[in-house]
């Protein structure tokens, strides 16, 4: 062999057959090849259409019922102690579920999909943190959008507040020359607190007054600190009144003075929802639903193209996944005070319940040529999961966890054992959803 090779070196290139040159070049390319492996799942097992149709119906029922359960329980057991407990634990359990969905399910899957060795160099080697960049961009876009919408709504409300304050101040100065007792309409000071509380404090003026019925007997400095800590208003009772008791009673009148001292306000119902708070909660719900729906379609498609024993394991895991996610979203929908005849909460429930089955239906139709491990499938799933994880990370950490446990309002609504129970509910939701992550 060496003699032949040695002799071959002395031969001119033109005398070597083309087939031998091509074979040698192919061999050398194969020996030094660092190219990507082929994308795809390889051979698939036998496809059972009837079983996949049953899975579609099962996921549809589980998703819809789990998401609609908190809303149904609130309507059926209005005001009962059991209903409040169900909503309380489901709400905080759902917060943990959503956080685990982002941290354990979506973000790691996005990284694995976008860095698969079979993808082009720019994905597999060139910029491996791409999934994190996409998630961060999605979160920043949501921050910008929410800031814009909130600022726009706040500036609109603030313009009306300024106009009303100027008009009322002019009325005060004009009537001060006549009789201070008749200088302002009844309950005007409490009304001013109501106008600004949705924008500034997110707290009810009733709660702040009823917490300390003897507020008018406290020193001025103490009352100023209480006002600043609770609502942070620019215009307070103390600034309106030169003396703590006499003029204050004259301003409100006998009936209003007793209402103020006892923390009661007949003009406003205690259970009346704050419109600004309701808008904020609706925006949170829409953001959560968007983050969930983005990846639910691809979960359904992946489930419908799975075959063999892995399909049963995958179906079981997705069943728990949809149940926990449905409870998480449903409790946030139930917390919004929609009109009783409004179809909007039920449409939101139906949107969640139908999204994964829609993905399953698509998978049933295209299972012969769709492969989630193909290059197209990996890129689609990777980008959608990264976007969804960014949305859910922002919603779970900023809008839900921080607001439920770290905001000023949370320290008045969650304290003692109640705060501990809420925290353990979050941990339970996160733990169970993380366990599901081992299979789906």
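Glycine is treated like the rest: Cβ placed from N, Cα and C.
Just so you know, TrEMBL annotations are computer predictions that nobody has curated.
Record features (TrEMBL):
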COMPBIAS  205-216  compositional bias 'Polar residues'
COMPBIAS  217-226  compositional bias 'Basic and acidic residues'
REGION    195-227  region 'Disordered'
TRANSMEM  51-72  transmembrane segment
TRANSMEM  93-111  transmembrane segment
TRANSMEM  131-149  transmembrane segment
TRANSMEM  286-305  transmembrane segment
TRANSMEM  311-334  transmembrane segment
TRANSMEM  346-366  transmembrane segment
TRANSMEM  378-401  transmembrane segment
TRANSMEM  422-439  transmembrane segment
Contact between the transmembrane segment (422-439) and the transmembrane segment (131-149) is defined here as three or more C-beta pairs under 8 Å separated by at least 6 residues; is that satisfied? no
Residues outside the transmembrane segment (286-305) whose C-beta sits under 8 Å from one of its C-beta atoms, at least 6 past its ends, are 44, 52, 55-56, 59, 98, 101-102, 106, 142, 146, 311, 314-315, 318, 321, 325, 328-329, 332, 348, 351-352, 355-364, 366-367, 370-372, 380-381, 384-385, 387-392, 394-395, 399, 440
Contact call for the transmembrane segment (93-111) against the transmembrane segment (51-72), three or more Cβ pairs under 8 Å: no
Does the chain bring the transmembrane segment (346-366) near the transmembrane segment (51-72), so that three or more CB pairs sit under 8 Å (pairs 6 or more apart in sequence)? yes
Chain residues in Cβ proximity to the transmembrane segment (51-72) (below 8 Å; excluding those fewer than six residues from its ends, i.e. six or more beyond): 86-87, 90-91, 300, 303-304, 311, 315, 318-319, 322-327, 329-331, 333-334, 345-346, 349-350, 352-357, 360-361, 363-364, 367
Restricting to the same chain and to residues at least six past its boundaries, which positions have a Cβ under 8 Å from a Cβ of the transmembrane segment (378-401)? 39, 95, 98-99, 101-103, 106-107, 109-110, 112-114, 116, 118-119, 123, 130-132, 134-139, 142-143, 284, 287-288, 290-292, 294-295, 297-298, 302, 372, 426
Six or more residues out from either end of the transmembrane segment (422-439), which same-chain residues have a Cβ under 8 Å from its Cβ atoms? 88-89, 92-97, 99-101, 104-105, 313-314, 316-317, 320-321, 324, 328, 401, 404-405, 414
